[in-house]
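Participant: Okay, here's the structure, questions in a sec.
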Amino acid sequence: MTRRRVLSVVVLLAALACRLGAQTPEQPAPPATTVQPTATRQQTSFPFRVCELSSHGDLFRFSSDIQCPSFGTRENHTEGLLMVFKDNIIPYSFKVRSYTKIVTNILIYNGWYADSVTNRHEEKFSVDSYETDQMDTIYQCYNAVKMTKDGLTRVYVDRDGVNITVNLKPTGGLANGVRRYASQTELYDAPGWLIWTYRTRTTVNCLITDMMAKSNSPFDFFVTTTGQTVEMSPFYDGKNKETFHERADSFHVRTNYKIVDYDNRGTNPQGERRAFLDKGTYTLSWKLENRTAYCPLQHWQTFDSTIATETGKSIHFVTDEGTSSFVTNTTVGIELPDAFKCIEEQVNKTMHEKYEAVQDRYTKGQEAITYFITSGGLLLAWLPLTPRSLATVKNLTELTTPTSSPPSSPSPPAPSAARGSTPAAVLRRRRRDAGNATTPVPPTAPGKSLGTLNNPATVQIQFAYDSLRRQINRMLGDLARAWCLEQKRQNMVLRELTKINPTTVMSSIYGKAVAAKRLGDVISVSQCVPVNQATVTLRKSMRVPGSETMCYSRPLVSFSFINDTKTYEGQLGTDNEIFLTKKMTEVCQATSQYYFQSGNEIHVYNDYHHFKTIELDGIATLQTFISLNTSLIENIDFASLELYSRDEQRASNVFDLEGIFREYNFQAQNIAGLRKDLDNAVSNGRNQFVDGLGELMDSLGSVGQSITNLVSTVGGLFSSLVSGFISFFKNPFGGMLILVLVAGVVILVISLTRRTRQMSQQPVQMLYPGIDELAQQHASGEGPGINPISKTELQAIMLALHEQNQEQKRAAQRAAGPSVASRALQAARDRFPGLRRRRYHDPETAAALLGEAETEF
């Protein structure tokens with residue numbers, strides 16, 4: 001609400017307060033003398049209200065200088081041939097070859113019941129150039145790999161054998177366009193000969209993979225069919241400005257490089273320029289091409305019949321075949337950019353073929369092919385044509401005109417021609433008029449057909465199109481002109497009606513109840529004050545109290561304002577407006593009848609007394625509204641156009657996820673038989689033994705249960721001991737102590753081993769440390785006169801020592817007595833004679849045994 005309107009409302013409320021202050025509050029009328037209208041309970045735009053006329057409302061005036069503009073078409077039309085090109089979303093595809101050597105180390109466990117693969121490690125290595133030459137020509141490689149890591153050189157040989165030359169053979173695969181050649185298709189997984197041992201087996205496989213790679217513009221990277229990514233442009237040759245984000249020393253180009261197909265081994269193919277990239281785990285190579293090998297545009301459709309409509313700011317290329325319109329944001333054609341020169345040959349060839357097919361009906365004159373770019377990102381190749389019938393009319397007009405210039409080759413104006421030029425406008429009008437011609441134009445030379453009798457479909461389409469647009473535009477122009485004139489007349493009528501009843505006119509304009517008053521040549525509009533709708537009642541009598549001849553011309557109304565308990569009286573106006581005065585009176589007339597509308601009801605007063613209430617629908621409505629009946633444009637079923645097919649959208653992604661996952665699953669299935677879990681393999685074998693032992697114990701009954709409990713107890717004891725030892729070893733102090741003890745035991749064992757070795761090698765020196773010195777003195781004659789004894793005496797002494805040692809052992813055994821086990825065995829022998837030793841009564845046998853016993857001693 002504006003400041004002026006707020007001031008108007010304040011003045012209005014002040015005036016109402018003065019008026020109400022001057023009035024004396026009335027006592028509520030008895031219910032028998034009043035009637036409550038249903039409009040108090042209805043939602044309406046015109047509730048009961050008090051509208052006070054104020055000279056401080058918003059001021060308005062009616063315009064008297066309305067001008068109706070003229071409406072006319074400003075479009076030019078031209079026929080021609082149209083070719084539409086779209087962005088090429090299909091990536092640039094090219095063949096690549098991958099070289100790699102796969103080293104697979106498998107750890108095999110030789111179990112009791114089954115062998116299992118406990119570990120599998122695979123490494124991939126790139127192939128040097130000297131070996132790629134051999135692989136590309138004769139499909140052979142070396143079955144060994146030499147690598148250096150952290151200063152340590154390692155050599156892996158297939159089957160843990162020797163380095164030899166092996167052949168590559170084709171292998172299977174699932175991905176389309178992928179072909180592999182491998183030297184070793186079977187993994188070396190033979191276990192060792194010793195049971196419960198582990199052996200490591202090595203497999204070296206030379207692998208060549210022929211596949212496709214894809215790269216999208218701007219060619220910052222490309223992806224192979226198997227999912228390998230390379231961060232460089234496939235057109236990079238080491239010298240140009242193409243993208244390259246790989247290691248500088250990993251790329252090189254070889255000229256006149258020869259690569260032989262597997263089926264054509266032994267031939268000498270033509271050399272080519274080939275790029276090589278070392279990725280560390282594999283080597284890639286591909287044939288180098290220039291960027292011109294890829295065209296960024298792709299031909300979509302060619303339309304033989306197209307109408308170019310120039311609207312002033314843009315050109316609409318409308319086709320009848322595709323029911324579509326291509327809109328350009330410029331009216332001037334462009335030259336074909338250098339980046340799109342790849343389509344120039346195709347455009348010239350197609351346009352020439354299309355024009356040859358319709359040259360009997362059309363002529364192109366001196367017009368050339370023009371290119372446009374649409375707002376949707378399409379490139380249009382446009383060749384304007386002129387119907388020969390229209391060209392004939394133009395020639396006849398020029399021949400019959402005395403001041404005409406010498407005839408020239410007929411050609412329609414290009415869409416980029418000046419729209420205001422008179423010859424262009426005349427030519428377009430003649431072309432439209434030619435579509436309405438019903439008689440053929442005479443030929444310009446004998447024996448030549450003008451082609452007007454053929455009635456070509458393109459002329460009919462253009463004529464129908466031009467006629468339809470002309471009729472629609474004329475109809476819309478007439479409607480707009482009539483609408484403007486009607487608004488102008490209505491403005492004049494409303495201006496005159498405000499001189500009679502400004503409140504009604506302004507309320508109809510605002511769409512709600514307002515108070516209006518003319519102040520000279522302007523109108524003051526103010527708001528109305530709503531009353532409490534529930535307190536509004538109508539007096540049944542319209543006679544003036546205390547007078548027999550005077551009556552009210554409008555019924556009396558009792559009401560209260562919102563937030564006010566006082567009851568006031570006024571008179572009911574039109575559209576539920578309440579007047580605060582009772583001055584609308586008249587001389588009472590005999591047999592009078594009045595109808596007053598309040599909401600959706602009409603109150604009927606007969607002889608100035610409320611007679612009845614009827615519905616609003618009971619009174620017929622005077623229809624002053626005239627509806628506009630127009631014929632609508634017929635429906636046009638648009639053809640469904642597919643700019644990019646599903647196959648093109650599918651091929652637009654450089655990552656062929658389906659092929660990558662299929663290839664991965666195929667490779668995973670090849671090693672599924674080898675990938676056995678150690679725990680499962682070993683536990684399965686152990687479970688068989690444990691299950692068999694359990695069945696054996698169950699068959700023994702209580703004895704088996706006792707044995708099982710005993711074994712479980714012993715096993716639990718050992719388990720507790722081992723667990724305690726492990727816990728003690730995990731403790732820092734315990735671990736250090738155990739390590740120190742182990743080191744001490746190792747040192748002690750080494751010392752004892754050395755001493756035992758010396759004892760066995762030099763026993764005399766160990767028993768008599770000074771024997772060497774004594775021998776030296778005896779040899780030099782410096783020592784005392786001691787001479788060694790003879791060998792016979794030495795043997796006698798040794799024999800005496802041996803017998804003495806044996807006698808001491810027997811004496812110790814007799815002194816120790818028999819053991820408990822010996823006594824128990826002897827008691828059993830005495831109780832059971834069968835267990836006694838058999839006594840030999842044979843003298844010869846006894847003598848032989850005694851001889852053996854004496855020999856032992």
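The backbone N, Cα and C atoms fix where each Cβ goes, and this holds for glycine too.
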Participant: Of 201-260, 321-380, 561-620, which span is tagged region 'Oligomerization' by Swiss-Prot?
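Facilitator: So the range that Swiss-Prot calls region 'Oligomerization' is 561-620.
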Participant: Scan 80-86, 108-114, 479-485, 745-751 against Swiss-Prot and say which stretch is down as region 'Involved in fusion and/or binding to host membrane'.
Facilitator: 108-114
Participant: May I ask you to indicate which of 625-645, 709-729 is given in Swiss-Prot as region 'Hydrophobic membrane proximal region'?
Facilitator: 709-729
Participant: Pick from CYS295, CYS528: which cysteine does Swiss-Prot list as forming a disulfide with CYS51?
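Facilitator: The record-listed partner cysteine is CYS528.
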